[in-house]
Amino acid sequence: MFSFYFNDNKITKLLMVGYGSTGKSVCDFLANFIDITVDISQNDDEFVNYDLNSYDLITVSPGIPLNKSPYRALTKFKDKIVSDIDIFYQYIKDTKAKTIAVTGSNGKSTVVTMTDFVLKDLGYKSILVGNIGTPALNKIGEKFDYCVVEVSSFQINLFNCVRFDLGCIINVSPDHLDRYQNFEQYKQSKLNLAKFSNDFFVYDVHNGIKYAGEYQIIRGAIYRNSTKLLDIVETKLFGEHNLENIIVVLNILDRLGLDINQAIDSIKKFKGLEHRCKIVKKVNGTTYINDSKGTNVGATIAALNSITNSKNIILLLGGVAKGGDFSLMIKSLDKYVKYVYIYGADKEYIESYIKGYCKYQLCNNMKQAFELASQKANSNEIVLLSPACASFDEFSGYAQRGEVFQNLVAQLEQKS
């Protein structure tokens with residue numbers, strides 16, 4: 001066994017703040033080294049008992065709110081703070097593997113998953129890590145040609161020395177305003193990814209930054225210069241937002257020097273993400289769509305704008321709002337939504353934004369919202385779960401919320 005070094009400095013004492021999946025991956029990795037003491041702070045009361053000056057390094061889980069007491073104290077030790085991705089980078093930087101980082105408010109999970117899928121379909125060894133669910137250090141022993149990393153603004157705030165071969169920002173809209181002073185601060189946290197990337201681009205249709213290389217969207221298809229490359233109907237996806245996601249993937253592959261025509265064939269096979277605008281079933285003429293991964297206002301707006309051309313959506317909305325500005329969805333609600341059922345911890349907060357702009361009802365929980373929606377829905381209408389909120393008031397995560405929705409649809413079908 002060997003001692004643990006970071007930036008050529010021997011580390012003998014490390015504090016781990018937070019012990020979720022990321023913290024556990026760091027702890028498991030460090031178990032391979034000798035001569036290092038690791039202390040773990042799992043809650044506020046434990047944290048205040050540690051002398052931060054006494055540690056060589058401090059790893060912080062992305063879920064730790066650095067803007068709130070007692071964790072504000074960490075801001076004085078920025079040079080000591082490292083993320084799990086910094087540690088991962090230290091141990092792969094001398095290999096030939098290429099690293100790609102993608103951040104954004106909406107679309108990043110689809111982009112990284114599609115990129116990883118295409119790379120594998122083209123015959124490369126690719127790993128997909130980061131905010132999407134698999135901590136980078138869990139893959140440290142694998143051999144790979146490409147490492148695709150989904151990064152959140154919280155993770156970027158913790159970066160120390162990582163250098164990605166390519167960084168990309170897509171579609172930044174207000175989110176996590178419970179962790180940032182305002183939207184500008186949140187947006188800047190995303191843009192900071194450029195500081196840790198050798199090559200970098202932004203594709204943000206919401207803020208008018210449409211770097212697209214030679215690509216453009218015309219009547220539901222992607223063109224390169226004047227040549228049509230791909231029509232949305234040739235894919236297993238739907239909606240203009242997915243054409244935008246594909247353009248980002250094509251730009252990533254372009255910058256990696258890969259064959260775009262071969263990539264197009266791979267993209268046609270990509271089935272999309274679970275819990276992201278997935279049609280569950282049609283029951284009694286009503287289509288039920290699971291977009292549980294829509295955890296902020298921007299994501300729900302994208303779903304509303306892509307699913308239909310009629311005012312035939314019954315929307316299930318609610319959970320933990322994270323300070324979101326629900327007034328931004330009023331235009332889409334007016335155009336596409338027949339009725340809204342609002343549920344969850346912040347239902348009154350959401351109501352304060354949309355009251356007077358649409359028909360709605362407050363519900364106790366998602367199950368009640370579903371039951372009322374299924375009773376109201378007529379043939380050729382859509383019941384859409386796109387909550388625009390986090391789920392942890394009622395569920396363990398967006399995946400469980402989506403699974404519960406799917407089970408409710410299955411139960412409804414059995415009764416029909």
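Every residue number used here counts from 1 along the chain in the order it is shown.
Note: Cβ is positioned from N, Cα and C throughout, glycine not excepted.
Residues or ranges marked as ATP binding site by Swiss-Prot: Gly104, Ser105, Asn106, Gly107, Lys108, Ser109, Thr110.
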One residue among the binding-site residues Gly104, Gly107 has the fewest other C-beta atoms within 10 A of its C-beta, namely Gly107
Which number gives the other C-beta atoms within 10 angstroms of the C-beta of Ser109 (ATP binding site), all protein chains shown included?
20
Other than its own, how many Cβ atoms are within 10 Å of the Cβ belonging to Ser105 (ATP binding site)?
26
Which of the three DSSP-derived classes (helix, strand, coil) applies to Ser105 (ATP binding site)?
coil
Beyond Gly104, Ser105, Asn106, Gly107, Lys108, Ser109, Thr110, what residues of that chain have CB atoms within 8 A of the centre of the ATP site's CB atoms?
Val102, Val111, Ile170, Asn171, Asn245, Ala299
Just counting, how many other CB atoms are there within 10 A of the CB of Asn106 (ATP binding site)?
27
